[in-house]
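Written below as structure tokens is the structure these notes are about.
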Amino acid sequence: MTDILVYVPDSGKHAAEVLTLARSLGDVSAIAFDDAAASLASEYGAAKVYRVNAAGIDDYFVAPKATVLTDLARQVSPSVFLLPSTDEGKALAARVAVVLDNGLLTDVTGLETDGTARQDIFAGAIIAKSKLAKGFTLATVATGATAAAPAPAEAPVETVEATVSEDDQRVKVAESIDEPAGDRPGLAEADVVVSGGRGVGSADDFALIERVADALGGAVGASRAATDAGYYPHKFQVGQTGTTVSPQLYLAAGISGAIQHRAGMQTSRVIVAVNKDADAPIFGMADFGVVGDLFQVLPQAAEEIEKRK
Amino acid sequence: MNIVVLVKQVPDSGLARQLDAQLRVDRNGANNVMGELDEYAVEAALQLKEAHGGEVTILTLGPDQATETIRKTLAMGADKALHISDESVAGSDALATSKILAAALGRFEWDLVIAGAESTDSGMGIMPHLLAARTGVAAATGARKIDVDGTAVNVEHQRDNGYDVLTTQLPAIVSVWDTINTPRYPSLKGIMAAKRKPIETLTVGDLGIDAAEVGAAAAATEVLEAADRPPRSAGQIVTDEGEGGRALAEFLAAEKFV
Ligand SMILES: Cc1cc2nc3c(=O)[nH]c(=O)nc-3n(C[C@H](O)[C@H](O)[C@H](O)COP(=O)(O)OP(=O)(O)OC[C@H]3O[C@@H](n4cnc5c(N)ncnc54)[C@H](O)[C@@H]3O)c2cc1C
Ligand SMILES: Nc1ncnc2c1ncn2[C@@H]1O[C@H](COP(=O)(O)O)[C@@H](O)[C@H]1O
């Protein structure tokens, strides 16, 4: 008996979290389009893996995958179907919802066996409980909703052969450019994120943020003011229109704490801020804060951390 | 090239936002503004119009006061607007909203629909794909750059770790992030001209949709309860008088990060 369907896009932390949450609700059938995703599903306790083979599917944007997921959902008729809340996961869920005429909950931060979901709304200012009144529970799961916990199993694999219809070939992925990842941990996956804002003042001075990040073994992040000013590349932006992070430690230096920034980091376990303005909103959410000039505070902190290592 | 921009009026995210007694977004406050990313969608449309000619039409589903937001888009340079305003829509979920917007899009000829990547209030980021699924039109979303060349559309789809170049043909639906441009401010001349630009207002019934198919009663989503997030327990804030960095390192060590 299988009743929780999960789309596993890759072998990343977010996918592992969704599998962990799904497992707490029932028997999980995972849908994987490659071997790395399939083995993650086994490692995180899936009872079954649908391994989809569809030649050329990655050459087209979203539509063909949505067709495969819709067909599988129809066939399995799950009680719950979860996807990660990423741009792709949401796009797929939206298309499944329309075709199956089903409701959809996005960005859930928790889910109970009776289908009650938790959602953080207005950038996390309000926590709501919601539910789908009809259909099955179709939801996308926010990053950081659960801590990923492995539960290795030898899940039986069923191969699904699929073809890409002409209709689903209208948006081609002509090119896929990956910017070099560098030596630091990935922003979305890191346990420690050290971010700099407009207060850092220049691209050169981001070296100070990098020094603190390296001392703590963390990733570097930035506010939009810092990425807009060209201090640091856009892909490191944390927030509503950047990456959402949920690390064990988030250190914000020279960041005021605008709502769009908070939206992307407020579920961090421990938040630390350095800002010369005692009234900066970031202090309202900080577990520890230093009111002071980051050019005084951070070098001293880095030295102390390096000494203690 | 005729472009439709989807614009939603939302409560200002910089001010306190609330749910009303029915646990819906409170839209009656005076602090309503254009969706943050929708401004970038309007700008993208105006730039494409400047390059290729054609008309920019704004499509908004929302209460009467959404006219203020529509006026702003007309002042920025959009040519005309279609405003779907109907009491029966209150409490609709995203699926019903997409049904209405899809019906509205069926009323005229267009080549390109541009939306924000996500709205500021619900932040679902799904409307373009809901519409693509309903209308059968191609969707290339999450753009940091859009080029139209004849009937070909090229979109740089932004990812966390790079980007994909998506190519499709008109007609198409695209959505944009804030990396795509810098929205213009309405000029005084634009504000004056906006007063004479046409805004057509329709109800759901005008679109041939039965009021029973939309609104709270038809919604698949049900909000059961809502509460303010419990404040994080007050942290320890110290003022640097020469030892702030060491105090910070001390704290991180006590929390086992060092
Ligand atoms: C559609 C939209 C999307 C957005 N998305 C995002 C997003 O994803 N992420 C994001 O971050 N923002 C986003 N924003 C922008 C957001 O509104 C803020 O403008 C931005 O977060 C501010 O960045 P900041 O805190 O670095 O700059 P500021 O608000 O200018 O703050 C700088 C801070 O540095 C402090 N400071 C200055 N010098 C020093 C010093 N020497 N030592 C210590 N402290 C110092 C100052 O006291 C101040 O508090 C978005 C905005 C819009 C409209
Ligand atoms: N009621 C609406 N009226 C017009 N456009 C909308 C409406 N709701 C959503 N949109 C468009 O769809 C985008 C994504 O919205 P959402 O899926 O709600 O996050 C928004 O940025 C708008 O461009």
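Glycine is treated like the rest: Cβ placed from N, Cα and C.
According to TrEMBL, the protein has these features:
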- A:4-173: domain 'Electron transfer flavoprotein alpha/beta-subunit N-terminal' (DOMAIN)
- A:Arg198, A:223-224, A:237-241, A:254-261, A:Asn275: FAD binding site (BINDING)
Whole-number mean of pLDDT values that fall within the domain 'Electron transfer flavoprotein alpha/beta-subunit N-terminal' (A:4-173) = 96
Note = Taking all protein chains shown into account, the Cβ-based neighbour count within 10 Å for A:Gln240 (FAD binding site) is 22
Key: Reduced DSSP assignment, A:Gln237 (FAD binding site)   = strand
Query = Which number gives the other C-beta atoms within 10 angstroms of the C-beta of A:Ala258 (FAD binding site), all protein chains shown included?
reply = 20
All-chain count of other Cβ atoms within 10 Å of A:Gln237 (FAD binding site) = 27
Note = A:Arg198 (FAD binding site), Cβ-centred 10 Å count of other Cβ atoms over all protein chains shown, is 16
Note = By a 10 Å Cβ neighbour count, the lowest-scoring of the binding-site residues A:Ile255, A:His261 is A:His261
